[in-house]
Amino acid sequence: MGQQTSFKYANDSNIERAERRLMQAVAQNSEGIDLIFNKLEPIDFFATPFKLIFQTAKENYQLNNPIIGSGLLEAVKFKLDANDQSTKSELEILFTKILLIRLPPNQTEIKTLVDVVKKASIFRRLQQFAKRVYNEEFKLKEDRFEGYLQAIQDDFVKIIHSAFSNIFAFSYDEIANQEEALIKKVHRGELIISGLSSGFLKLDQLTSGWKPGELIVIAARPGRGKTALLINFMASAAKQIDPKTDVVLFFSLEMRNREIYQRHLMHESQTSYTLTNRQRINNVFEELMEASSRIKNLPIKLFDYSSLTLQEIRNQITEVSKTSNVRLVIIDYLQLVNALKNNYGLTRQQEVTMISQSLKAFAKEFNTPIIAAAQLSRRIEERKDSRPILSDLRESGSIEQDADMVLFIHRTNDDKKEQEEENTNLFEVELILEKNRNGPNGKVKLNFRSDTSSFISQYSPSFDDQYS
């Protein structure tokens, strides 16, 4: 009694085999069964009997009362209608086949099988979703159009996000031990940086560093140094991690990778140059070569694409994750990302909502912080002090809700002072931590050297002094 649908997979046998093998693991309570129950739901299985078996097994597992073998079969049959003899007979035949195989899948195979079943489920749900959209478009009434679009967006986002779910359970004593260790550090007067340091002491005191699973948004108007600040964060993180096992990923949708490296090199050498000025190159040649030798082997991977979709970003992170620990992902910048290859009539606000929600989901899925730059709207320039607020996030969608932190780069509007700063290439800026889900809000004063793309803390020692 398989579930009937109007379509067929190109590779039915692989999906059927994957579901059957997972049922063997469930029926025999195999090692690695936690992954199956954490990643899959009954809806993910194609065959109705498998849905019934899985639902019953998961319910008992969650009650800390796992049942296996014939006991599981009897529990499933007990839940069925007394007159449903055909389903009961089919379950008995199915269970006999499952239990005949003595060797259940190991943990490595289970991981692969779960992936096959989950992807097939997403594909199936997308096809059903598309069919529903097609059928309903002929019933649309003009006065319900906006509500219809919102419902379509919500349903589609749920399906996409279900592909990225990665749920793990932690025992309470494990969480308690971690928290106690942090409390003891504070008691001893030690600086608590539970994530990667930003490179700025005062900012770290507010944020405790960039922590796995967090989405951090850096927002400003054009020309305020967003990319430069991202490069500063990238450089700082790359110096802290193990180059043999860890990596920082930088997705640049605006600049080419050579431009990113050039800015990093100027930041590291604290000198500026252009390839068209030979005299300048001659003057700073030694500094540039020394700085390049220090940073050329840092564990950084650059991706420079003028157009990237969410799936392409996820694919790249997944690929790198096979060989390295992805410790930080940086995206420059959020509004240049495409949610899909074709936006299917989504408004830009709806698309940005999908982007920010998905980036947050990626941060949790890959257990890494993601820092994304974002543009502020022109509204900010209409206010007297031009101090940014959360609603200034351009085409914001739900950025302010999805982000764990929102940092604004703010410069004064004092024309005389700004002219002096232009002449010296040294600007006084405030980093305004306007949202901090897990800590206090606050401000950090920095100097920005535009000629070398460097942000320098005004009131604290250099990064090397702080964290060496």
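Using the three backbone atoms N, Cα and C, a Cβ is placed for every residue, glycine included.
Now, the feature entries from Swiss-Prot:
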DOMAIN    189-462  domain 'SF4 helicase'
BINDING   Ala220, Arg221, Pro222, Gly223, Arg224, Gly225, Lys226, Thr227  ATP binding site
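Shown on the structure are the features that Swiss-Prot records.
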| residue | record | contacts (Cβ under 8 Å, 6+ apart) |
| --- | --- | --- |
| Ala220 | ATP binding site | Lys226, Ala373, Gln375, Leu376, Pro388, Phe408, Ile409, His410 |
| Arg221 | ATP binding site | Gln375, Leu376, Arg378, Ile380, Glu381 |
| Pro222 | ATP binding site | Gln375 |
| Gly223 | ATP binding site | none |
| Arg224 | ATP binding site | Ile409, His410, Arg411, Val429 |
| Gly225 | ATP binding site | Ile409, Phe427, Val429, Phe448, Ser450, Ser453, Phe455 |
| Thr227 | ATP binding site | Ser252, Glu254, Met255, Ile260, Arg263, Asp332, Tyr333, Ala373, Ser453 |
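What surrounds the ATP site, by Cβ distance within 8 Å of the Cβ centroid and not counting Ala220, Arg221, Pro222, Gly223, Arg224, Gly225, Lys226, Thr227, is the set Ile409 from the same chain.
Its Cβ placed at the centre, Lys226 (ATP binding site) has 22 other Cβ atoms within 10 Å. In the three-state DSSP classification, Lys226 (ATP binding site) falls within a helix.
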